């Protein structure tokens, strides 16, 4: 009886373990979305980029932003910054 109980518990734990691992399929990489604007990133560049994305894109796109990065860029003696925000899924990526 003790062996039968141990076997049932072992099978149940293996079932839980296998289902947990199976559910972890390939995670899709975040989808980058970028833009350029005048001025420098400043001390809080990611927030600046997020605000610019809010102005440029609709709420459905903005809701899927996970994080943003900002890089200063100087061209033709004009300060600019480049923003890249990463989306969980959806527009402009079509990976579902």
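Placed from the backbone N, Cα and C atoms, the Cβ positions cover glycine too.
What Swiss-Prot annotates here:
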{"type": "DISULFID", "residues": "31-93", "note": "disulfide bond"}
{"type": "DISULFID", "residues": "41-70", "note": "disulfide bond"}
{"type": "DISULFID", "residues": "49-83", "note": "disulfide bond"}
{"type": "DISULFID", "residues": "68-85", "note": "disulfide bond"}
{"type": "SIGNAL", "residues": "1-23", "note": "signal peptide"}
Could you check which of the disulfide-bonded residues 31, 83, 85 is the closest Cα neighbour of residue 41 (disulfide bond)?
83
Helix, strand or coil at residue 49 (disulfide bond), per DSSP?
helix
Between residue 70 (disulfide bond) and residue 83 (disulfide bond), how many Å separate their Cα atoms?
5
For residue 31 (disulfide bond) and residue 85 (disulfide bond), determine the Cα separation and express it in whole Å.
8
In sequence order, what residues of the same chain, 6+ apart, have a Cβ less than 8 Å from the Cβ of residue 49 (disulfide bond)?
41, 68, 69, 70, 81, 83, 84, 85
Across all the protein chains here, work out how many other Cβ atoms are within 10 Å of the Cβ of residue 68 (disulfide bond).
20
